[in-house]
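Inspection log for the structure reproduced underneath, given as structure tokens.
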Amino acid sequence: MDREVHRMASLRREGSMWRSGGDVFSRSSSRFQDEDDDEEALRWAALERLPTYDRVRRGILAVSSEDGGAGGEKVEVDVGRLGARESRALIERLVRAADDDHERFLLKLRERMDRVGIDYPTIEVRFENLEVEADVHVGNRGLPTLLNSVTNTVEAIGNALHILPNKKQPMTVLHDVSGIIKPRRMTLLLGPPGSGKTTLLLALAGKLDKDLKVSGKVTYNGHGMHEFVPERTAAYISQHDLHIGEMTVRETLAFSARCQGVGTRYEMLTELARREKAANIKPDHDIDIYMKASAMGGQESSVVTDYILKILGLDICADTVVGNEMLRGISGGQRKRVTTGEMLVGPARALFMDEISTGLDSSTTYQIVNSLRQTIHILGGTAVISLLQPAPETYNLFDDIILLSDGQVVYQGPREHVLEFFEFMGFRCPARKGVADFLQEVTSRKDQGQYWCRRDRPYRFVPVKQFADAFRSFHVGRSIQNELSEPFDRTRSHPAALATSKYGVSRKELLKATIDRELLLMKRNAFMYIFKAVNLTLMALIVMTTFFRTSMRHDRDYGMIYLGALYFALDTVMFNGFAELAMTVMKLPVFFKQRDLLFFPAWAYTIPSWILQIPITFLEVGVYVFITYYVIGFDPSVSRFFKQYLLLLALNQMSSALFRFIAGIGRDMVVSHTFGPLSLLAFAALGGFILARPDVKKWWIWGYWISPLSYAQNAISTNEFLGHSWSQILPGENVTLGVSVLKSRGIFTEAKWYWIGLGALLGYTLLFNLLYTVALSVLSPFTDSHASMSEDALKEKHANLTGEVVEGQKDTKSRKQELELSHIADQNSGINSADSSASRKGMVLPFAPLSISFNDVRYSVDMPEAMKAQGITEDRLLLLKGVSGSFRPGVLTALMGVSGAGKTTLMDVLAGRKTGGYIEGDIRISGYPKKQETFARISGYCEQNDIHSPHVTVYESLVFSAWLRLPSEVDSEARKMFIEEVMDLVELTSLRGALVGLPGVSGLSTEQRKRLTIAVELVANPSIIFMDEPTSGLDARAAAIVMRTVRNTVNTGRTVVCTIHQPSIDIFEAFDELFLMKRGGEEIYVGPVGQNSSKLIEYFEGIDGVSRIKDGYNPATWMLEVTSSAQEEMLGVDFSEIYRQSELYQRNKELIEELSTPPPGSTDLNFPTQYSRSFITQCLACLWKQNWSYWRNPSYTAVRLLFTIVIALMFGTMFWNLGTRTKKQQDLFNAMGSMYAAVLYIGVQNSGSVQPVVVVERTVFYRERAAGMYSAFPYAFGQVAIELPYIMVQTLIYGVLVYSMIGFEWTVAKFLWYLFFMYFTLLYFTFYGMMAVGLTPNESIAAIISSAFYNVWNLFSGYLIPRPKIPVWWRWYCWICPVAWTLYGLVASQFGDIQHVLEGDTRTVAQFVTDYFGFHHNFLWVVAVVHVVFAVTFAFLFSFAIMKFNFQRR
């Protein structure tokens, strides 16, 4: 090869002798010759003389005047240190407009490589006889109810031990598929939902789940998956957008680029520079700088990042945070592009992209796919892209098509032959139908008939298997088989094509990148750390004033109080680490994604999260120790002060590491919040304070020796009590006071135990961090979803595959309905005509047709700080600029515009869904001013994010919506019939028993969730319906089903408005009118679409300079293209201004004027009540839904009961028979310790584990309340009331086990008091957890606030410092501390009436309980009432918070 390159270079040198002096090597270098710039030539010559290593790191950069230099000045730069500004300016010069300049830029790159004979590496992917099978539960067994979860767990263990049969049924996901993916060709993967597209992409990318049964093989250039690293050779781009919300778009992509590295670009560049020097070729400066900069790894912001931002159209939002549910960020379409860009910045040569166009308008999709096509064709990549609804022009960009259906390859080969194959099978694509849409529908039993074209033969359903068999005999299929029979010649594989190293950059670089990201996130989450520090400061001030030195003496009695103060310091610091739990779990989904993509190993993630927390630990612990140490009156020695500080630092680190480890093992908020308190409880109970070491049972003593708290307790106690303050010798004893106190509690008395304790804590810190790293290395992301299918869906799948008619299928009815409704585009066909009455049956419950008109509507928000920092002086950012229009009954309106045009914003404003910002303008409903309370009753809003309760079924979701939104006059039977009609209409009947689940985690697929969202609104029978992106995320067939549903809804006389991104021709032409907006929030066309889009085309073609539409081109795509910002700039026009001066605008103004006046004889909307159903019905419905939600949420309900059983058995065995011993004071302390630990820790677990459940349901509540389904109180009632029976079961389990094992006195009264106090204690803790969520915006802050109060309750519980010994200024708090009342009730009911005298004391047990703790037996009834009051108060505050605070930002 080198000889060949040398020969080419020689030929070029010889040829240059007889050319006319010009440079023959490159068009791009002619400018270099023409300029005749001596200084530049000298600079280049100097560069050429550098060694290759230095030469590839330096280049000549043109600095334009706006970048700080003189116009066009050339400067020599180190490309490894190219600034962000220079990088962006360079990309702007190279790719000014992604549409026009991108191909030219790539051709320049290719030309430069071709001139010296260097090839880009290419990859051919082959898959042969690939079969993927999964085991699924069929029918109700797949629902995760409490019963099923127990049965499934027992069954799984039985299967593993081969003692029980496997009840799951095998389901083939991919059935014996074979094919070839060629380099330099774009392959489009099509298929209806459930056809196996994602599974095929994952198989090709080498990322299939280990639980699946896989046979067959996938090879890259003839190499098996085990011979290289597929995760780095190929990039799989998921359909789920998982990103860290606090990072900006640029930071997200830059981090990805930094981790993935530059691949073989550097080696290629070195070879290129060497050959160019030998051939005396001078490259284009900008191309040279780009190639050099893109080959330099380890940069915080790379030129490749700026390039990808540019071609994906993300440069406009590059410095905006990505955002999440609670943090406003970029739009859904932009987030989808970030997911794509995250992988494109890497060096992977093969791309497997899963539904990358969801949420994008068709012009943006076209631009992205076109950029990818240019890259693949010119630079020799390999790409398989799955798209849901590709527009015809996007479809035409692809070279090859793979059509999957029910796990079989129906067609794979050149795009040109696909229609030929289906005509060969007897099916033809209609004229105004997108080919991609036709392909996705033609294999479906319900849609196939309409495309039959053989008039000489009657139509008969052609099953998928028949298509697949026919394809093998079709000429395209035969040629693939022939090619597969010849093995790939491995000698043709470029050595740089397949990655063999596991990670893209060195370990040092990976660690540096993750440290930088962790620092950035700490800065963005500074509020959390400040909050924790303030929390600890307040806690320290309370502790300091509770254990006040002036009220405490150094004697044996107060020695116990000092021990309590030390234990509380340990407890506080330990609890402080608890917040790590929620913060860690929230970051894990993104971590698992990046780990599996081999961005970095687990240790590169865990080390920064540990090391960078250390300075914060110094601050937090410092705050506590510096405030409390001397004020409490601990030993005044400076060395002992710093030793206590050092020990608490080690404990805090150990605690944080422990909770990170638990989060890493649990991987789920509910599971982690269950096992977090369990570990705390185990360590505390065996730590030597609650139960003294001599009293620990011999079968539990091992627990004492492995509890970190026992080492901390020994170390902190010896540090204090061996000090000078405690050195006096007691009369009649030969040991110091300090040693005497230590001995009385079974604590070691040698000074060495401080160092042993410190060493143990540091050892545990290392151990837990190591275990956390191991957990994150080996565990997969948490999923509680078991693969399941309904029986109907399985039968339907089988029928589609084989053609066998399934018994009981309502085939005739549904096919007749489908055929009636098939041609959406035809406004006069089955959709609008009388024969569609069958499909409208049930959609005609009585309602009043209403119009909505709006005039000069403006919406603004406070100017973001980032924009103010850039010098913008206005106080507000205007998002809608005086928008006017109207929507009428029976008219289907499309609200369109490019991403960022303000479509969803306008819809939110009109629907009254905005929670912030400033709204101006006039909005009227049938002429009357809009009132949100009544408007919510007659309107429906289908949100883009499909938000539903995850633990109910599809049918239950619809029942709930209809129950609360249909008026009470509609009886139960009519309601059920109506629900069945809607389910039939939206094709959800086969999914009626399917669990909804969480998006991207479990339950329904994207398109099924979308249909459910629409059905939930349709069952409310609204007059006006808003739909935000109803077809986003759906394939062509599902989109057609949805649009038929929408069309039918309009035909009943309702007003329907849809925002829509990338409609196909037939979907677009199903709309009657179009409301088109441009970026910036202004309308540019409001009017009819017309037959075959004639009116729309006529309007825009009438504007000077607008290009005419090509035959067969999608009008929606054409319209977005000709009205883009780039076109406005090129034509020098403002489309919004043209619209305002048009006749159409005047007609619309007159229409708005007419609709703004109430019709004669009409009355304003008025309802006797705010809600459709009575308050009682709302409460019952909410309770009904929560009942199902809890029953099917075993990760919360079952885990909590399991936790309770474990704790009960642990406590029962730990405090075995201690209840019968009441002879000594220590016996009472031990018994009280068992009560104290149980109350505090089981209570905390209940409080913590309910929070994630409430957070998920609160998001659903925001949607349902906005829809006017119910008020806040019934929701709160349902959430609170459903806990009562579950907590009753929990109390009985705990109470019976513990009461009998500890051996408390068996009398009916004492046992019932014990159960009563435990029940209400668990209730108030659970309601307190709910209240914390209600008062805070997210889980993390709720966890921090909760733990703050747990600490205060712990302090004033009366266990660490009895109420009579608390300083008078804090004693009042005991009366409002719930835990203090619980201990009062438990201790007084068990011991307050025992009259025998204590050993070594003159008092009876009852007197001691009264004197020492201040507990009176005759006060029990008051204590009981207070317990009820606490539970009711927290439940009420939860209701109040839910009613008053809305943390959703819209």
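Just so you know, glycine gets a Cβ as well, placed from its N, Cα and C.
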1236-1256, 1257-1277 - the one Swiss-Prot records as transmembrane segment: 1236-1256
For the transmembrane segment (1198-1218), sequence-distant contacts whose Cβ falls under 8 Å of one of its Cβ atoms, 6 or more beyond its ends: 146, 149-150, 670-671, 674-675, 678, 681-682, 685-686, 691, 695-697, 699-700, 703, 1227, 1230-1231, 1233-1234, 1237-1238, 1241-1242, 1245-1246, 1249, 1286, 1289-1290, 1293-1294, 1297-1298, 1300-1303
Cβ pairs under 8 Å between the transmembrane segment (1236-1256) and the transmembrane segment (559-579), at least three: no
Pairwise CA distance, Pro192 (ATP 1 binding site) versus Ser899 (ATP 2 binding site), rounded so that it is a whole Å: 26
Stretch-level contact, the transmembrane segment (1372-1392) and the transmembrane segment (646-666), CB cutoff 8 A, at least 3 pairs: no
Near-site residues: ATP 1, ref Gly191, Pro192, Pro193, Gly194, Ser195, Gly196, Lys197, Thr198, CB cutoff 8 A to centroid: Leu404, Ser405
Separation of alpha carbons, Thr198 (ATP 1 binding site) and Gly900 (ATP 2 binding site) (Å): 29
Segment-level pLDDT (mean, integer) for the domain 'ABC transporter 1' (158-431): 88
Residues of the parent chain within Cβ reach of the transmembrane segment (614-634), under 8 Å, 6 or more residues beyond its termini: 522, 529, 532-533, 536-537, 539-541, 543-545, 547-549, 552, 562, 565, 569, 572-573, 576, 640-641, 644-645, 648-649, 652-653, 656, 720, 723, 725
Conformational class of Lys197 (ATP 1 binding site) under the three-state DSSP mapping: helix
Fewest Cβ neighbours within 10 Å, where candidates are the binding-site residues Pro192, Pro193, Gly194, Gly897, Gly902: Pro193
Of Ser195, Ser899 (the binding-site residues), the residue whose Cβ has the fewest other Cβ atoms within 10 Å: Ser899
Sparsest Cβ surroundings (other CB atoms within 10 Å) among the binding-site residues Lys197, Lys903: Lys197
All-chain count of other Cβ atoms within 10 Å of Gly191 (ATP 1 binding site): 25
Cβ-based neighbourhood (8 Å from the centroid) of the ATP 2 site, residues Gly897, Val898, Ser899, Gly900, Ala901, Gly902, Lys903, Thr904 excluded: Ser331, Thr905, Met1077, Arg1079
